[in-house]
Amino acid sequence: MRVILAQPRGFCAGVVRAIEIVERALQQNGAPVYVRHEIVHNRHVVENLRNKGARFVEELDEVPHGAVAIFSAHGVAQTVEQDAQARGLDVLDATCPLVTKVHVQGRQYVAAGRRLILIGHAGHPEVEGTIGQIPAEVILVQSEAEVDTLTLPADTPVAYVTQTTLSVDDTRGIIEALQRRFTDIVGPDTRDICYATQNRQAAVRELSEQVDVLLVVGATNSSNSNRLREIGTESGVPSYLVADGSEVRAEWFANARTVGLTAGASAPEEMVEDVIAALRALGPLEVATMSGREEKVEFKLPAKLTQAVAREV
């Protein structure tokens, strides 16, 4: 059997930054440090950080007064920021800069007098954080069908922003539906969706043309990983989401000669290697990597951490 690895795959710059923030906070402050919500949606990453001394909580009332508290890469509402300040917490914000960019865009549109529409999935931490960062009502739209249910007059000045981990194709369809529905509408281009989301989805579309089965390494609660699996399925390829090699099933490959393998933006490369090992246990295996876009994006760490490093030097 032949395995073709997607390129790019796995960790994005926002995830790398978030994990490094937790690790540096532990190095500088000692354990424990407290992280609100999973730092990224991957249990292997979370367990690794937990073993190093990070404690994961859902609400700040679980954090002792004055302790180090880290916001996850998905972002938080302004009320959470205010709560942290009131509790005297030493806050490190690991919100992905591309998510913060969405917050800034949304506030700018509202300040310009437009009603704001957020394209995203209800209940996702990024969506909840974005809604909580906008000082006005935000209308959440999850599908093209929901556009038809909007009651705003067609000439209402509106703007849209999007969750960063959505399907590029689905998002484009919703934007086009909004543009048909409203006569005065502005918003970022679909190219403004996270670079890593676009690159991984494009790689999977290309990969799906070459394989009999697609495996996506990622967590079930990872939005971007689920979108990769969906793209494979929509391309007509049996596609499976696995957390690691233990979830690989031999029957998936009964008639397969070529398997595509990718990973969501929060999935570590060690889990990709674990899946390859599981496939190798099924029989002879040839592994190749597709040609693809090389990513060189890096995001700066919070000044609080870099200043501490400078003092140590």
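Note that Cβ sites are derived from N, Cα and C of the backbone, with glycine treated the same way.
Long-range C-beta contacts of Cys12 ([4Fe-4S] cluster binding site), restricted to its own chain and to partners at least six residues apart, with a cutoff below 8 Å, comprise Cys194, Tyr195, Ala196, Ala265, Glu295, Val297. Taken from Swiss-Prot, the feature [4Fe-4S] cluster binding site covers Cys12, Cys96, Cys194, and the record attributes it to sequence analysis.
In this view, Asn224 (isopentenyl diphosphate binding site) is surrounded by 26 other Cβ atoms within 10 Å of its Cβ, with every protein chain counted. DSSP assigns Asn224 (isopentenyl diphosphate binding site) to a helix. Residues annotated as isopentenyl diphosphate binding site in Swiss-Prot: His41, His74, His124, Ser222, Ser223, Asn224, Ser266.
There are 28 other Cβ atoms within 10 Å of the Cβ belonging to His74 (isopentenyl diphosphate binding site). Per Swiss-Prot, (2E)-4-hydroxy-3-methylbut-2-enyl diphosphate binding site is recorded for His41, His74, His124, Thr164, Ser222, Ser223, Asn224, Ser266, and the stated evidence type is sequence analysis.
Per Swiss-Prot, the feature dimethylallyl diphosphate binding site maps to His41, His74, His124, Ser222, Ser223, Asn224, Ser266.
Neighbour list (Glu126 (active site, proton donor), Cβ cut-off 8 Å, at least 6 residues apart, same chain): His74, Gly75, Val99, Gly120, Gln163, Thr164, Thr165, Ser223. Swiss-Prot lists Glu126 with the feature active site, proton donor.
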Residues within 8 Å of the His41, His74, His124, Ser222, Ser223, Asn224, Ser266 Cβ centre (excluding the isopentenyl diphosphate site residues themselves) = Val40, Pro125, Glu126, Thr165, Ala219, Asn221, Ser225, Gly264, Ala265
For His41 (isopentenyl diphosphate binding site) and Cys96 ([4Fe-4S] cluster binding site), what Cα-Cα distance in Å is obtained after rounding to a whole number?
-> 13
Pairwise CA distance, His124 (isopentenyl diphosphate binding site) versus Cys96 ([4Fe-4S] cluster binding site), rounded so that it is a whole Å = 15
Any same-chain residues 6+ apart from Ser266 (isopentenyl diphosphate binding site) with CB under 8 Å of its CB? Would you list them in sequence order, or say none?
-> Phe11, Val15, Val40, His41, Asn42, Val45, Gly218, Ala219, Ser222, Asn224, Ser225
Among the binding-site residues Thr164, Ser222, Ser223, which residue has the largest number of other Cβ atoms within 10 Å of its own Cβ?
-> Thr164
Name the residues of the same chain, 6+ apart in sequence, whose Cβ is under 8 Å from the Cβ of Cys96 ([4Fe-4S] cluster binding site)?
-> Gly14, Val15, Arg17, Ala18, Ala73, His74, Gly75, Thr164, Cys194, Phe299
Report the residues of the chain - excluding Cys12, Cys96, Cys194 - with C-beta within 8 Å of the mean position of the site's C-beta atoms, for the recorded [4Fe-4S] cluster site, in sequence order.
-> Ala13, Gly14, Val15, Ala73, Leu98, Val99, Thr164, Thr165, Tyr195, Ala196, Thr197, Ala265
